[in-house]
């Protein structure tokens with residue numbers, strides 16, 4: 001005998017598969033459209049027929065590409081030509097390595113010398129390059145031109161490369177494509193995306209396995225109670241089919257449709273405009289994040305340096321008092337123009353107590369001269385480029401430098417009246433407030449290095465012939481170079497605590513003979529073959545003594561809007577924030593303080609640079625003695641620690657309130673995420689805006705991309721995309737929390753719905769001598785989990801325990817979810833017991849109160865079951881939505897209307913009697929009333945945390 005119609009089995013299963021397939025297909029199509037958009041970006045290719053347009057997806061190795069200023073480089077290339085007069089160009093690499101400094105790149109010399117770009121097609125040459133690898137900081141190759149006599153061969157290094165993902169910051173460049181596709185440095189630094197399955201889905205799968213075990217056990221118990229009589233194995237299969245409702249097939253559909261609703265709600269939230277859900281499979285993950293790993297540049301900061309403070313020891317000028325600095329500068333130059341003879345010969349200003357104006361002037365002049373910035377003039381449509389350069393046209397001038405700090409300093413000197421208007425290899429021009437041009441000859445320049453932490457310049461003032469050595473650098477190195485003073489250390493500490501990057505500026509006047517002696521020794525040192533760098537450093541250090549301290553400057557990387565309150569919210573929600581950046585240690589530490597990632601009362605432990613096992617061991621022991629202390633560590637030291645002491649390091653780092661990893665490669669970022677997941681078992685969320693964050697975003701349990709100025713790689717690779725970092729707070733506290741709590745309630749209710757009807761079937765079979773006879777057949781079974789109860793149960797996805805404003809105001813509510821209480825074995829067991837109680841009550845009640853015919857049992861029990869489910873939904877709801885009321889009434893109406901067609905299973909005349917109504921009312925009341933009483937008592941004597949806020 002067959003157990004019910006076939007369609008009662010395949011229709012629900014087919015529907016489940018169809019919903020899942022359609023949802024996945026929609027996401028795949030969206031992903032394809034996004035990729036196509038990126039692959040269709042157009043570039044100019046140089047050919048014998050002139051320049052032709054080419055899509056980025058059609059670029060091949062050996063193509064000659066023209067890339068304009070502010071355009072992204074589409075492939076790894078060798079730099080052949082530039083339109084810049086100085087024969088070099090700057091690159092913005094923050095999307096590749098996270099560094100804010102611009103990089104100087106040099107074209108191949110023999111191709112730069114060609115008269116025009118078209119001549120590149122006339123020469124016969126080839127490039128020999130190393131095989132593709134992941135190292136973005138090094139390159140080895142040669143460029144050989146065969147048609148010259150003799151053939152010219154030039155060595156190629158990292159300085160001659162333009163890696164994909166970088167942006168041209170100056171001029172127009174021509175390059176030859178070297179690597180494409182999977183061989184790109186940026187692609188090799190990103191890991192393959194993994195298919196993400198939410199922790200919530202894994203927990204639901206686990207509960208489903210338990211239910212499957214229960215199904216097998218119940219079926220075997222039923223057969224055992226028949227003493228395994230006859231063909232018991234067939235009876236077992238019949239019972240497995242009979243109780244198959246224990247496993248709720250509709251659970252998958254409900255959860256998948258719930259995820260679609262959550263994604264739609266996130267996209268429609270006007271408080272976080274522009275937010276995109278790229279992966280609708282894991283919105284519940286947002287509600288259980290324990291570790292947030294964020295990039296710095298472009299995510300927490302805007303990568304725009306702003307001058308904040310000038311400190312002269314006795315007086316400090318902030319943003320609000322810059323007009324005073326301006327008036328000092330103005331007064332100095334108006335006095336000079338009125339009294340020119342006084343300025344001619346050397347003065348005794350050092351011995352006389354100088355006025356404040358001259359002290360300010362000396363400091364501003366030092367800042368305006370001690371740098372590596374070049375002013376570039378661009379035509380703005382009105383003026384032609386050469387004319388603009390001749391006139392030093394303000395509106396056409398753009399400053400170029402490898403570091404945004406230096407540009408900020410020069411822009412500030414312009415704002416107070418001393419403007420850098422011209423610069424080449426050997427001279428510099430400043431313009432005064434009175435439009436007078438001051439000419440300086442650059443005699444020597446000592447560039448900034450990470451080892452020296454300072455830069456210096458020696459200039460000669462053309463008008464007076466004075467030679468001055470200016471220097472600026474970090475306070476740690478400058479403290480030993482400047483003359484003794486009692487304020488440098490204290491003020492540097494004060495400014496650093498405010499999150500400012502502090503530079504100490506000093507000067508030293510040199511007599512002509514003194515300089516000539518230095519130059520002779522310097523040239524000699526540069527010619528030596530052995531220990532050249534050491535000898536050169538020794539000669540420079542002979543000048544770096546007893547320098548006059550002029551001032552301290554403080555610059556700040558502008559934070560993104562509302563970063564501080566967002567980080568504060570995350571901290572209060574129990575989420576630990578780690579900052580992983582490719583930038584320098586000093587910059588990262590300043591940003592961490594400025595963004596209040598490290599609070600004012602927390603110490604910072606800067607992990608010393610370690611290179612071997614013993615050094616790492618000593619440094620870890622030193623760090624172990626610190627308590628409640630933020631950690632700052634560089635990528636190199638991190639690698640050594642993870643190689644020898646992975647477990648110990650991760651254990652200590654996880655105890656820190658905040659961790660900052662600087663000079664991190666994309667691979668290291670992903671490795672840290674992976675280790676956190678393995679060591680803690682907690683959920684991680686990675687946030688970034690650049691191509692160098694893609695690996696970390698894809699490795700994390702929940703990746704969030706910020707749409708930055710520098711393209712969309714991170715945003716496209718992420719599960720969720722936001723337009724600003726501050727939107728993350730609402731995404732987690734409101735949407736993440738709601739998604740998780742709603743899905744937990746929905747899944748448990750769907751399980752309850754299935755267990756109720758299975759319990760009734762078990763009671764029915766037990767009463768009738770363990771017969772494998774179905775209680776409900778045909779449409780009753782399908783209708784029960786679809787049109788009769790689906791809408792009210794699914795309306796739980798609109799439920800919320802607190803308003804979104806309360807969830808944002810009390811992030812501590814989020815902390816409760818980290819323990820995973822909304823869906824646990826305990827809550828599952830409670831719902832199983834409720835299901836058994838209600839199923840048994842309804843079935844035994846119907847058996848007790850039924851009259852002569854079997855159809856009456858079906859009528860009474862099924863009606864009671866539907867009413868019980870509708871009342872249980874009402875009991876579970878915490879905040880009523882008008883759609884919930886509609887769903888409840890619609891389901892009831894559907895059931896009453898369908899009774900007309902169900903005469904095969906239900907006696908229509910019987911249900912119209914008073915006897916039927918009172919019996920159904922009593923059974924429903926007995927099954928639901930005790931639960932309502934228990935809920936009231938629990939809310940009264942042991943209220944949950946959220947109810948204290950809503951009452």
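Heads up, residue numbers simply count up from 1 along the chain you see.
Each residue, glycine too, has its Cβ placed from N, Cα and C.
No curator has checked TrEMBL annotations; they are predicted automatically.
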Students should find that the transmembrane segment stretch in TrEMBL, chosen from 102-126, 127-151, 202-226, 252-276, is 202-226
Annotated stretch (transmembrane segment, per TrEMBL) among the listed ranges 638-660, 776-798: 776-798
Under TrEMBL, which of the candidate ranges 162-181, 182-201, 302-321, 322-341 is annotated transmembrane segment? 162-181
Examine the ranges 32-51, 52-71, 72-91, 232-251 and name the one recorded by TrEMBL as transmembrane segment. 232-251
Range annotated as transmembrane segment - as stated in TrEMBL, picked from 609-629, 882-902: 882-902
Per the Cβ filter (under 8 Å) with a sequence gap of at least 6 from its ends, the transmembrane segment (882-902) is approached by 779-780, 783, 787-792, 794-795, 798-799, 863, 866, 870, 873-874, 908, 911
Let me know the most crowded of the binding-site residues, choosing from 295, 693 and counting other Cβ atoms within 10 Å. 693
Rounded inter-Cα distance in Å - residue 295 (ATP binding site), residue 693 (Mg(2+) binding site): 7
Looking at the binding-site residues 297, 692, which sits with the largest number of other Cβ atoms within 10 Å of its Cβ? 692
Do any residues of this chain, six or more beyond the ends of the transmembrane segment (854-875), have a C-beta under 8 angstroms from a C-beta of it, and if so which? 749, 752-753, 756-757, 760, 775-776, 780, 784, 788-789, 792-793, 795-796, 838, 842-843, 845-847, 884, 888, 891-892, 895, 905-907, 910-911, 916, 919-920, 923-924, 927-928, 931-932, 935
For the transmembrane segment (750-770), which recorded stretch in the set 776-798, 828-848, 908-934 gives the largest number of Cβ pairs separated by under 8 Å? 828-848
Cα of residue 501 (ATP binding site) to Cα of residue 693 (Mg(2+) binding site), in Å and rounded, measures 25
Sort out for me which one of 448, 501, 582, 689 has the most neighbouring CB atoms within 10 A, since those are the binding-site residues we care about. 689
Fill in the CA-CA distance, residue 582 (ATP binding site) to residue 693 (Mg(2+) binding site), as an integer in Å. 10
Which of 162-181, 232-251, 828-848, 908-934 shares the most C-beta pairs under 8 angstroms with the transmembrane segment (776-798)? 232-251
